[in-house]
């Protein structure tokens, strides 16, 4: 979707402000939100792409004015409600009012902690040969899906070069909508900065994205 | 510990919003617990693991080893996950870690314009600036301007390559080894490696300079 989360190239956000000796969490609740997201994802309530989609679909003014973990919290709460793991009445009451829904991988308990400290695996067997080779020129499609996608707006319509082939991976556009993993070839595609940003752009800049095969046409 | 009231005020938020958020987060945890989805002790353990097991020290040891061991460096650049997987004592690492090398001709910088993808296992949880709008919006268009915000200047003719982390691949920058650390042990070298130098928004420390 063409949401405010797709920020590459936008103006007006000001300077980057590094924080010296930044703490891991600025408030204790942030750590609880992180842990709940990790736990409920590992228990099978949602996949990583669905959780990203729920953050992206926050109203733009909420997305832009919420801290990072606040966005995580708002996305988590709404997603769990819509997926039937809790109800709005329970959220309003602050307590469970009916039994829980079965989780694909069961309750998240202490025995599950170790396994979530390494990222999940996203590579899958290839359903078809790769369409592109290293060095091929490709054009990012001019597409505007209203659902989740990982093709940022700033490259759409532009020509780049395939630099790396990462194999076949879970396709976020399908997985986010719970339409299955639909594995697709994944490539690093590199673009000239001036092709993206015009003649005034930095001539020394090259930008790459990792692009799934359905995002690309031969050029 | 994690349930303590912790009154560091984040500059973006006033106290009333924080209180409301804190109440809502607690309520959600109560519901998830009562419905039998999560065990609070398991949430405590997740937080403790993030606080103690991951962090830039993992990435720093990988970089120091690459500076010291040409065969490891070659393997690391060919397949980051596989090479780091051989160093059981350094860190566990997920699949698809791509290590990109800074050279006198090219500087690499990593961003996630769409969300906040970051090599957690190598660098820990990302800092606020990495997840915030200014960095995500400008890194792919004006990286030299972003670097200026960090006090970093590159030669005007040096190529800048920005890696936008749009999939489940993760990127770690291998910074150039600073001069003046000849003969240093891997452990000493690791002390020169900063988090930002592995994101590409900074350089390693200079030997002899105060850290």
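Cβ atoms are placed via backbone N, Cα and C, with glycine included.
Annotations in TrEMBL come from automatic prediction, not curation.
Feature annotation from TrEMBL assigns compositional bias 'Basic residues' to B:1-12.
Under the heading region 'Disordered', TrEMBL lists B:1-20.
If you look up TrEMBL, you'll see B:20-201 marked as domain 'Nitrile hydratase alpha/Thiocyanate hydrolase gamma'.
According to TrEMBL, the Fe(3+) binding site annotation covers B:112, B:115, B:116, B:117. Residue B:112 (Fe(3+) binding site) has a Cβ environment of 22 other Cβ atoms inside 10 Å.
Most other Cβ atoms within 10 A: among the binding-site residues B:115, B:117, that distinction falls to B:117. Using a CB-CB cutoff of under 8 Å against chain A, the binding-site residues that qualify from B:112, B:115, B:116, B:117 are B:115, B:116.
For residue B:116 (Fe(3+) binding site), the count of additional Cβ atoms within 10 Å of its Cβ stands at 19 [all protein chains shown]. Listed in chain order, the residues near the Fe(3+) site other than B:112, B:115, B:116, B:117 are B:114, B:118, B:126, B:131, B:165, each with its Cβ within 8 Å of the site Cβ centroid.
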